[in-house]
């Protein structure tokens with residue numbers, strides 16, 4: 001009888017395993033040690049024996065942000081800097097408040113995909129694809145309460161409240177520290193400023209004219225952010241791209257290895273000068289997977305860049321790469337942070353090497369009177385390029401004048417003139433988990449019979465804004481079940497645009513005394529905020545020398561509801577299809593059942609107790 005009570009008691013516990021990238025965790029958790037002086041990618045781990053539930057807890061997302069600023073919005077972020085337990089878990093969360101007519105200006109997240117749901121009010125949202133043959137396409141959608149929209153990693157995007165009442169949204173991002181690059185701030189507000197010569201040529205305006213000066217001053221309010229990542233890891237020696245295959249996957253289908261030859265790993269032509277007789281006076285010759293099939297899955301490519309005297313390679317974003325250049329005036333601008341939008345520049349001569357960190361806006365300019373040639377390497381087979389001006393001002397269809405006018409803090413008429421003038425610009429973003437994308441998006445083709453990791457890609461020319469949209473998170477789930485809770489998931493099965501983007505979202509409704517039973521997500525970390533009511537939450541560590549520790553916390557308006565009123569929570573998970581394993585169902589309700597002998601020995605009880613337990617298990621509470 002005591003054994004039964006223990007087993008029943010333990011069913012109320014919540015035990016969640018988190019696994020992800022950014023970088024991938026190698027233990028249950030690695031809580032950031034903010035006091036350490038050691039510099040690593042992310043943070044050094046705090047002594048696990050000193051870790052408490054407080055390290056996984058933050059409060060404040062119920063508080064409205066101050067929107068009394070030029071753009072009329074405020075982002076309240078819960079990232080690793082505010083919640084130390086996020087370190088290595090590859091996810092974070094934001095609350096965004098918008099005043100009437102408020103705007104979150106065009107920006108990118110250099111290290112993350114974003115998924116967003118409207119809690120109150122309405123939003124006009126949109127993103128612009130990178131530079132391709134059919135690039136710089138604008139996808140927009142009007143969202144109302146409960147709707148969900150996803151912004152692919154590294155693409156320039158915005159949100160605008162077109163109404164006369166306030167709007168509140170909750171977003172989640174697939175990085176512990178996604179970064180934000182507000183386009184205008186990075187380009188026009190860097191410290192020190194980017195050279196007038198560079199900006200004048202990039203925007204095709206005369207730096208001496210009053211219009212250019214006004215533009216530069218006006219654009220200081222802008223902020224633009226980038227998101228980026230890496231290529232999928234190879235699972236064999238090579239996977240030469242089969243360019244003839246009609247199957248659409250993330251990257252390319254593999255050519256039959258028996259017919260692969262040395263030519264598949266060979267390219268000729270980087271000794272040839274590119275044509276620099278263009279407005280910008282530069283030319284990029286790329287050797288990527290489209291030209292060298294052997295690069296598929298190998299995560300690298302190469303470019304030659306030719307510069308005429310005074311030639312410029314425009315301010316661009318390449319979210320999936322880092323590259324070295326030489327014999328040039330070069331620079332990059334950091335993302336938005338306490339000391340952000342800093343400009344780092346260097347004059348390079350023959351033999352010098354410079355690296356541009358992944359996803360940051362950067363440029364190269366030949367200040368001399370002779371030609372310059374540079375060779376660069378990029379850490380993606382298809383790094384992509386987003387020329388900032390083309391993406392922001394040359395999208396198809398164009399971004400609303402009102403959005404741009406507010407983003408750039410100029411009058412609508414000036415915005416129209418600006419749009420026309422800036423069509424010559426080119427701004428490039430490159431980005432790429434779960435697996436990492438090798439193009440702007442890979443919308444799931446649910447009709448395809450081809451089996452791949454995730455889903456085959458839908459023809460990008462058939463993709464619309466609807467593919468990035470879902471509704472229904474404003475609707476309460478039915479909690480009339482044994483556990484008194486219901487999970488409403490928005491994953492790749494319900495929102496095709498999530499394919500390859502490494503994130504999803506859930507709404508969880510709890511009846512009074514309702515429970516989301518102990519479970520794990522085999523492919524995801526989860527971050528959760530309470531929208532209404534209160535929750536007692538907890539997780540249990542894995543088996544280690546000091547393992548199976550329970551961490552619990554009572555959350556307020558932030559998976560047991562101990563109160564006498566209903567509770568609602570919004571969660572985000574770092575996978576397009578995180579999966580759920582409810583412990584009791586998996587152990588005692590499997591089909592066919594696990595052997596009584598196995599369970600009796602595992603739980604140290606007799607077989608009759610096991611049979612009794614197997615008869616108890618409830619219906620699934622996942623919708």
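Backbone N, Cα and C atoms are what each Cβ position is placed from, and that goes for glycine too.
Features of the protein shown, as given by TrEMBL:
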| type | residues | note |
| --- | --- | --- |
| SIGNAL | 1-20 | signal peptide |
| DISULFID | 30-45 | disulfide bond |
| DOMAIN | 59-211 | domain 'Cupin type-1' |
| BINDING | 104, 109, 114 | oxalate binding site |
| BINDING | 107, 109, 114, 157 | Mn(2+) binding site |
| DOMAIN | 268-416 | domain 'Cupin type-1' |
| DOMAIN | 471-611 | domain 'Cupin type-1' |
What recorded positions among 30, 45, 104, 109 are found with a C-alpha within 10 angstroms of that of residue 157 (Mn(2+) binding site)?
104, 109
Would you count the other C-beta atoms found within 10 angstroms of the C-beta of residue 109 (oxalate binding site) for me?
30
Across all chains shown, how many C-beta atoms besides its own are within 10 angstroms of the C-beta of residue 30 (disulfide bond)?
22
Would you please pick out, from the binding-site residues 107, 157, the one with the fewest other Cβ atoms within 10 Å of its Cβ?
157
What does the structure give for the C-alpha distance between residue 114 (oxalate binding site) and residue 30 (disulfide bond)? Integer Å is fine.
23
Rounded mean pLDDT within the domain 'Cupin type-1' (59-211) lands at 83
Express the distance between the Cα positions of residue 104 (oxalate binding site) and residue 30 (disulfide bond) as a whole number of Å.
32
Where residue 107 (Mn(2+) binding site) sits in the secondary structure, as DSSP reduces it to three classes
strand
What kind of secondary structure is residue 157 (Mn(2+) binding site) part of, going by DSSP in three states?
strand
Could you tell me the C-alpha distance between residue 30 (disulfide bond) and residue 109 (oxalate binding site) in angstrom, no decimals?
23
Determine the Cβ neighbour count for residue 45 (disulfide bond): the number of other Cβ atoms within 10 Å of its Cβ.
19
As a whole number of Å, the Cα atom of residue 107 (Mn(2+) binding site) is distant from the Cα atom of residue 45 (disulfide bond) by 31
Please report the number of other Cβ atoms within 10 Å of the Cβ of residue 104 (oxalate binding site).
30
